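Note sheet for the following structure.
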Amino acid sequence: MQTPQRGAPNLLLILLCPVLLAVVLAAVESQALYELEKEPAYWDAQARATLDAALKLHPRNHRAKNIILMEGASGEETVLAMDTFPYVALSKTYSVDKQVADSASTATAYHCGVKANAKTVGLSANAVAYECNTTFGNEVYSVLRRAKAQGKSVGIVTTTRVQHASPAAAYAHSVSRSWYSDADLPSSARRQGCVDIATQMVTNVDIDVILGGGRMYMTPKGTPDPEYPTSNSRKGDRKDRRNLIDVWLNAKPNKRSHYVWHRKEFDEINPKTTDRLMGLFEPKDMRFEVFRNSTRDPSIVEMTEKAIQILSKNPKGYFLFVEDEWRIDHGHHDGIAKLALTEAVMFDQAIQRAAQLTRESDTLTVVTADHSHVFTFGGNTPRGNPIFGLAPKKADDKMPFTSILYANGPGYVHINGTRGNITMVDYYDEEYMQQAAVPLDAETHGGEDVAIYAKGPMAHLFHGVKEQNYVAHVMAYAACLEPYTNCPAHPHNHTSAGCVNTPSSFLFGSLGLLWLFR
């Protein structure tokens with residue numbers, strides 16, 4: 001029989017104490033970091049440090065001593081326009097308060113350069129969602145707004161409502177991404193001085209080109225929609241009785257401004273004789289590309305083309321934000337991959353058209369996404385297998401499955417305890433809902449990193465894995481916008497000091513987001 005070792009418990013306690021202490025210290029540090037992340041200065045300093053590190057990198061053009069070949073070239077060979085961009089990075093999309101972010105906080109990051117809280121746009125993380133009085137003093141300002149302040153023309157193109165979170169972060173400051181019109185504001189928010197997003201769009205900054213949906217948030221309550229005059233659900237929404245389309249049209253009387261809502265009017269717009277253009281083609285979001293009526297609504301490709309043609313007349317350059325993210329996003333939330341992927345194809349065509357209309361020598365083009373989705377593609381499919389087709393083998397439940405699936409969403413359908421037999425339906429149909437592993441009313445965002453593609457001046461600063469707010473800092477640096485003053489030199493004038501040159505144009509887009517900056 002062994003003698004009890006009385007010292008063992010004390011020894012164990014001594015050994016555990018450092019571990020417990022480390023846990024406590026980690027919790028304290030985590031809370032302290034959370035408080036720091038509320039401040040714009042934290043994100044500015046972090047992005048500046050990352051930018052400084054990027055500036056120290058130089059292209060290497062000497063002979064390679066070693067070569068590493070990583071095999072992975074057996075994928076499908078189609079090359080998208082964004083695939084041809086020479087610089088690629090990854091963007092970490094979490095927000096200050098969420099591991100898996102929403103479009104409002106991510107838009108604030110890539111537009112304004114600071115990470116924020118979910119549901120808020122154009123505000124630091126000191127602002128609390130839905131609490132109006134936390135708006136004031138916590139505003140952060142976008143690259144679009146800074147570009148306008150330096151005399152550049154600016155524009156927004158989107159397939160959603162122009163008041164949606166992704167474009168809204170470029171011009172608005174709101175504790176709720178859903179306060180599209182004044183009818184959406186609680187009475188307490190109105191009393192405290194908060195302003196709806198639509199009003200901010202036409203009053204905060206002079207946006208030269210605005211193309212997308214969202215008519216109903218711009219007109220007085222009860223105003224019949226010009227395209228759907230008998231629809232009560234599509235009538236004007238504003239309680240303040242203001243017509244914000246007229247407010248925008250009359251804001252610059254010395255400029256040639258036009259408003260259109262139909263494809264015919266849009267096609268008749270002459271970019272050479274147009275300084276400002278607002279086109280609102282649906283009461284809310286524009287239709288999915290699959291269902292778009294091409295006689296009534298322009299495509300994202302056509303809107304991008306018209307925007308560049310108008311904005312590029314400014315000799316000081318322009319900033320253009322192009323978004324197809326929300327319709328891609330909607331398709332995924334609905335669990336219908338064909339809707340989402342068709343939008344992605346159209347977005348890539350917009351990228352291609354933008355490339356044809358711009359020069360890489362003076363235009364920085366950035367393509368990224370605000371977040372991912374729980375969308376997966378697998379199943380050991382052979383080369384050439386239709387993307388919406390079946391995997392070659394059946395699952396363990398002896399049932400077939402498509403190569404595209406979702407981790408969660410409305411596609412979870414079990415009959416008598418088993419999955420439905422998808423061969424009994426047309427899984428190539430435009431509205432076929434892919435199967436999902438977990439039942440939810442709507443599929444959710446994903447939390448993994450997303451790609452950043454870049455070309456043009458200073459595009460090499462996009463490399464490696466970066467925080468999402470870094471995107472805004474590179475764009476601001478590349479065009480010598482606040483807060484950057486020690487900027488890249490002007491081409492053909494490398495001896496000059498300060499901000500004499502920079503790309504005069506920016507094209508920025510998100511998967512859909514596309515920024516064009518010249």
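Just so you know, glycine gets a Cβ as well, placed from its N, Cα and C.
Copied over from TrEMBL:
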- Ser103: active site, phosphoserine intermediate (ACT_SITE)
- His164, Ser166, Glu323: Mg(2+) binding site (BINDING)
- Asp329, His333, Asp370, His371, His445: Zn(2+) binding site (BINDING)
- 219-239: region 'Disordered' (REGION)
- 1-26: signal peptide (SIGNAL)
Spatial neighbours of His164 (Mg(2+) binding site) among the recorded positions Ser103, Asp329, His333, Asp370, His371, His445 [C-alpha, 10 Å]: Ser103
Residue counts (helix, strand, coil, in that order) that DSSP gives for the region 'Disordered' (219-239): 3 helix, 2 strand, 16 coil
Using Cα positions only, nearest of the recorded positions to Ser166 (Mg(2+) binding site) (Ser103, His371, His445): Ser103
Neighbour tally for Ser166 (Mg(2+) binding site), based on other Cβ positions within 10 Å of its Cβ: 29
Greatest C-beta neighbour count within 10 angstroms, which of the binding-site residues Glu323, Asp329, Asp370: Glu323
Distance from the residue listed as 'active site, phosphoserine intermediate' back to Asp370 (Zn(2+) binding site), taken between C-alpha atoms, in Å: 6
Candidates Glu323, His333, His371 (binding-site residues) with Cα within 10 Å of Ser103 (active site, phosphoserine intermediate): His371
Under 8 Å by Cβ from His445 (Zn(2+) binding site), counting only residues of that chain that are 6 or more apart: Val100, Ala101, Asp102, His371, Ser372, His373, Val374
Least buried by Cβ count (within 10 Å) of the binding-site residues His333, His371: His333
Glu323 (Mg(2+) binding site) and His333 (Zn(2+) binding site), distance between Cα atoms, whole Å: 17
